[in-house]
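As structure tokens, the structure follows; a few thoughts come after it.
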Amino acid sequence: MKILLLTLVVVTIVCLDLAYTRTCYRTHPYKPETCPPGQNLCYKKSWCDAFCSSRGKVIELGCTAKCPTVKHGKDINCCATDNCNTVANWKSR
């Protein structure tokens, strides 16, 4: 009986853990969305384009399975909590 109860507890914990999904902000539209299975990190990528001096940096937000490789001229931040990739002063459009 104890073994059966222990087995049920373990199965319950595993099932609850597998069902969890991360939520991250996405760029278009700027709102939190549930990430696809296996993508448990949020990222914020920013860089300058031709309009950087007038509009500021281009910002891309989303979910990822692993943090993208940093490329020259791009800033990348990854985090592992829900909605951790926010951008200050952005409003939903």
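Cβ atoms here come from the backbone N, Cα and C positions, even for glycine.
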Could you tell me which of CYS63, CYS67 is bonded to CYS78 by a disulfide, according to Swiss-Prot?
-> CYS67
Candidate in CYS42, CYS48 joined to CYS24 through a disulfide, as Swiss-Prot lists it = CYS42
Based on what Swiss-Prot records, which one of CYS35, CYS52 is disulphide-bonded to CYS48?
-> CYS52
Do you know which of the disulfide-bonded residues CYS35, CYS42, CYS52, CYS63, CYS78 has the most other C-beta atoms within 10 angstroms of its C-beta?
-> CYS42
In whole Å, note down how far the CA of CYS63 (disulfide bond) lies from the CA of CYS24 (disulfide bond).
-> 6
Using Cα positions only, nearest of the disulfide-bonded residues to CYS42 (disulfide bond) (CYS35, CYS48, CYS52, CYS79) = CYS79
Pairwise CA distance, CYS48 (disulfide bond) versus CYS35 (disulfide bond), rounded so that it is a whole Å = 27
